[in-house]
């Protein structure tokens, strides 16, 4: 009976994530310029809207880059990054809690998943930071996934902050300078974004090859 209940809760988590992803696919990812116009329309409440909106949209699997660019266009790279990262922390906590409640028991009942869980938890901060940096899955999906592990919430939040900060700042700076595409600031932000993507992709390939070699020798 407990195993059946754990499977049912995991199924509910999968349905939840699929519904959120489906909604984003149907509605579409918001355009940064339209986001910026919406934020600006709220005046002094703009920061609250960015934080709350980022929390909701990131939990719904909307890309963080879009939100950071929109916030950067309104508030600049520094404040835009701070507001989006605050929303990201809320989204990360909410999705983590959902994953912990709905998926944790399923993982602990299966030896292979429990072994993977143990490896992730052994280096919890690094594991979370790498998953935030590498272009493997959307921010929200990673959050739901880590909720099913035994990674402590403090380590999870620290890893999230470390892994998400640099890319958020880069995309906020890109949004801030987007109205002047020929400016040095825009070109520098574009170069930083390109380096971030290339570096993340390269690191992903290297880590996958190492994992494949480890699996072959074990």
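Glycine residues also receive a Cβ, built from the backbone N, Cα and C atoms like all the rest.
Keep in mind that what you see is a predicted model, and the values were worked out from it rather than measured.
Per TrEMBL, the feature domain 'VTT' maps to 62-176.
Away from its own ends, the transmembrane segment (35-61) comes close to residues 17, 20-21, 23-24, 67, 69-71, 73-75, 79-80, 83-84, 86-88, 90-92, 94-95, 138-141, 143, 175 of its chain (Cβ-Cβ under 8 Å, at least six residues beyond either end). Annotation comment: TrEMBL describes 35-61 (among others) as transmembrane segment.
Here TrEMBL flags 73-98 (among others) as transmembrane segment.
Feature annotation from TrEMBL assigns transmembrane segment to 125-146 (among others).
Here TrEMBL flags 153-174 (among others) as transmembrane segment.
The feature transmembrane segment is assigned by TrEMBL to 186-207 (among others).
Counting residues 6+ beyond its ends, the transmembrane segment (73-98) has Cβ neighbours under 8 Å at 13, 16, 32-33, 35-36, 39-40, 46-47, 50-59, 64, 67, 139-140, 143-144, 146-147, 153, 156-157, 160-161, 164-165, 168-169, 172-173, 175-176, 178-179 in the same chain.
With DSSP classes pooled into helix, strand and coil, the tally for the domain 'VTT' (62-176) is 100 helix, 0 strand, 15 coil.
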